[in-house]
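Peer 1: The structure under discussion is supplied below as structure tokens; questions concerning it will follow.
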2 protein chains.
Amino acid sequence: MAQRFRHPAEYYTDPENSIGYLARVVFRSFSRLLERGTLTHDVSAGQWRFLRQLWRQDGITQRELSERVGMREPTTVVALKSLEAAGFIRREKTDTDKRKTYIYLTPHAKRLELVLAPMNAEIHEIATRGMTDAEVATLQAMLRRVVENLADETRTLSVLSDVQA
Amino acid sequence: MAQRFRHPAEYYTDPENSIGYLARVVFRSFSRLLERGTLTHDVSAGQWRFLRQLWRQDGITQRELSERVGMREPTTVVALKSLEAAGFIRREKTDTDKRKTYIYLTPHAKRLELVLAPMNAEIHEIATRGMTDAEVATLQAMLRRVVENLADETRTLSVLSDVQA
DNA sequence: TCGGAAAGGATAGTATTCTAAGGACGTGAG
DNA sequence: CTCACGTCCTTAGAATACTATCCTTTCCGA
């Protein structure tokens, strides 16, 4: 049980050393700056996240959309309600499987991609100011690595509690 | 107006390329894993963030605490209410400045540091599994850089809107 | 010294997200 | 064929965080 830690616990008392803290600040700053732009088109940051996925591909189910956006399904339900009320999407049911709901963008929402998608690129420019392309690529790769590591752990824990159940 | 972007807007349609998205996923995964541990001591992830700062130094004002935690003041007010109700902190007023409220940890909360602070180190171990110390240091440095870049931009925008107001 | 501005904190109202639980539909083993 | 289980979506209730606004107290310049 001689677990070697990279740093002692005291090291992380400074949030500036904590990846979790830094990720939170990055996420929130990103969100807020992005929303400054999108709100002029009556799109909130939360709605934008769903639109981004739907711009890539619409006509998918809510569950599929939830996974791609990285939100739980109740969150998606609420978000889609607001998107539907705002006239950005419509839902469609089929007879082949009456459980599923397919989400489609309205023409209005499709047109918005031209205006709103570049805003994310712009925030990226600001966020990575003064960094080389290689540095940015490294940052992305390492963040993906962290995401994967944490997802692995979450899966492991889920399996364990499944077994216990 | 020949603004050169690092990548075209299409590049960011894949969230895996978006630092904002990656930061959100990292933050949430971190939070959730941490909470798995802290909840056994009746501490939520939100409360933990305030406790971490108070472990470093208590007896500070609410405003000071808000800044260190990186939350707005109304959020701090609510969080402190729950921390007070749970018996983790007490508030104190002085006569020198009747506006200020100073926050102190209870002995119970101080003891919790020994148990709860290492949990963050543990999540870090998991999150950075398979990465070298140098890589982790690079990741932290780059995240700090992004935080700073975004904060600069936010400041600039605030000044602009102050001028307009 | 006194009146307006600033500082510290609280309240109200809203948005976002989660967990837990429930309901309708589909499927497959016996 | 049927019923138990799985899938897909929804509802209910709570936690977390925000913006906008207000109250009290303090400070400072004319």
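Each Cβ is built from the backbone N, Cα and C atoms, and glycine gets one as well.
Caution: TrEMBL annotation is automatic and unverified by curators.
Since this is a predicted model, take the numbers as computed values, not measurements.
Sharing the record's features from TrEMBL:
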DOMAIN    A:16-148  domain 'HTH marR-type'
Peer 1: Please work out the mean pLDDT for the residues of the domain 'HTH marR-type' (A:16-148).
Peer 2: 94
Peer 1: What are the DSSP helix, strand and coil residue counts for the domain 'HTH marR-type' (A:16-148)?
Peer 2: 95 helix, 10 strand, 28 coil
